[in-house]
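Reading through the structure tokens given below for one structure.
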Amino acid sequence: MQLVIVAVGHKMPGWIETGFNEYAKRMPPELRIELREVKPETRSSSNNAATVMQREAARIDAVLGSLSRQCRIVALDERGRDFTTVQLAGQLTDWQREGGDVAFLIGGADGLDPALKARAQTLLRLSSLTLPHGMVRVLLAEQLYRAWSVTQNHPYHRA
């Protein structure tokens, strides 16, 4: 099973890449985390938020099209479901049991296109706070590693 993070944005600071890579490399080979970046669309007087999100959605769709048909879609959204660490660990176990990959979608500055959110099987909220998009990558990778560590009774998660 592969966990694919599809994130709008590129040219992140080095500390973002370092943080993400640290948690990605900790994952076991049978549960890899892969990052696929999508070029953001620039907002302008002729490019309103809806147009920006639609164009970014087309790029995200191209990435999703390269994944398996059984790929589950999880959209990160401020109105999504809150998971505790233990609940996320249980969800990760369920996804592994069901098979197929999981794609986590991180939108751009204007968020994810509503059509993408409608296609998602799960809407996930990482925090009630507004977070920088680069930090969301690191936080998501860390939480996926933490969830996996719970399923393995690994000492990383000590709650």
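Heads up, residue numbers simply count up from 1 along the chain you see.
The backbone N, Cα and C atoms fix where each Cβ goes, and this holds for glycine too.
Sequence-distant contacts of Gly107 (S-adenosyl-L-methionine binding site), defined as residues of its own chain at least six apart whose C-beta falls under 8 angstroms from its C-beta, comprise Val8, Met53, Glu56, Ala75, Leu76, Asp113, Leu116, His133. Annotation note: Gly107 (S-adenosyl-L-methionine binding site) sits in a coil segment as assigned by DSSP. The S-adenosyl-L-methionine binding site feature in Swiss-Prot is assigned to Leu76, Gly107, Leu126, Ser127, Ser128, Leu129, Thr130, Leu131.
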Identify, in sequence order, the residues in the chain of Ser128 (S-adenosyl-L-methionine binding site) that are 6 or more apart from it along the sequence and have a CB within less than 8 Å of its CB; answer 'none' if there are none. Glu78
With Cβ-Cβ distance below 8 Å and at least 6 positions apart along the chain, what are the contacts of Ser127 (S-adenosyl-L-methionine binding site)? List them in sequence order. Leu139
Which of Leu76, Leu126, Leu129, Leu131, the listed binding-site residues, has fewest other Cβ atoms within 10 Å: Leu129
